[in-house]
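Colleague: Take this structure first; my questions come after.
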């Protein structure tokens, strides 16, 4: 069955008749009753990892806790771990809160991405490259269409991603893909089919995440190895939300592979960056982007890929 999980800010649309509560309960208990009501609503609106995801590898190193409200991945010298979504999606606005491996995380990679299968797969990637204690994580992003990737952009973050949970979001609609962190866009990949660049629009994708040993390349090109005395390394996940078109048995829950956006619930299908969000994107790219394939002239001596003319 189709399941949609509204983010917690949708609680503002829930109206409680406070006059009824005042009449029904002593005034001293009204705030307490309200807190119980909103706590139960928040619980109901949160994703359930037991229903939405399956642990796929790790031999017990991945755990679903707190009645499905928390998921943890762990890495030790023997193995990492990973999970995937039960649903496949064809377009969506997907949020996940993640708290990354703290301390000396050099050599570890926490990958969180959407992907289809096969040699001509589509993929939308967040990868968090661990580092030595006190040095910033590198947020590595990439985008594959029809099996072709090599579209990397890398960023530092403007906060410590290990101290608390932060929301990492992918908006994927027929016109664009937007990577966001805590609601701030960091990267936009526009549909460039008009200049001959394939765009992910026909292959349904699952959500995947894994924590694994990548010390042959992840930190300073593989110069810094994992300190196994600090193992196990653990990343945590909560508050998954997908306002998305679920693909099942060759059909979309939105009605077609390119559904209309007439419903307010499907407004994300035509969402773009307004002037405020464009300014935030430019702020991130000016201050925190540390690599952009569209400016790497040594890598593309014959000229930049055609979609670069349309990028931010």
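Glycine is treated like the rest: Cβ placed from N, Cα and C.
All annotation found in TrEMBL is predicted automatically rather than curated by experts.
Heads up, here are the entries from TrEMBL:
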type	residues	note
ACT_SITE	123	active site, nucleophile
ACT_SITE	127	active site, proton donor
DOMAIN	14-237	domain 'GH16'
CARBOHYD	131	N-linked glycosylation site
TRANSMEM	20-46	transmembrane segment
Colleague: May I ask for the distance between the residue listed as 'active site, nucleophile' and the residue listed as 'N-linked glycosylation site', taken between their Cα atoms and rounded to an integer number of Å?
Modeller: 25
Colleague: 10 Å Cβ neighbour count around residue 123 (active site, nucleophile)?
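Modeller: Excluding its own Cβ, the number within 10 Å is 18.
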Colleague: Within 10 Å of the Cβ of residue 127 (active site, proton donor), how many other Cβ atoms can you find? Include all protein chains, please.
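Modeller: Its Cβ shell of radius 10 Å holds 19 other Cβ atoms.
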Colleague: For a quick check of packing: other C-beta atoms within 10 Å of the C-beta of residue 131 (N-linked glycosylation site), how many?
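Modeller: Result for residue 131 (N-linked glycosylation site): 19 other Cβ atoms within 10 Å.
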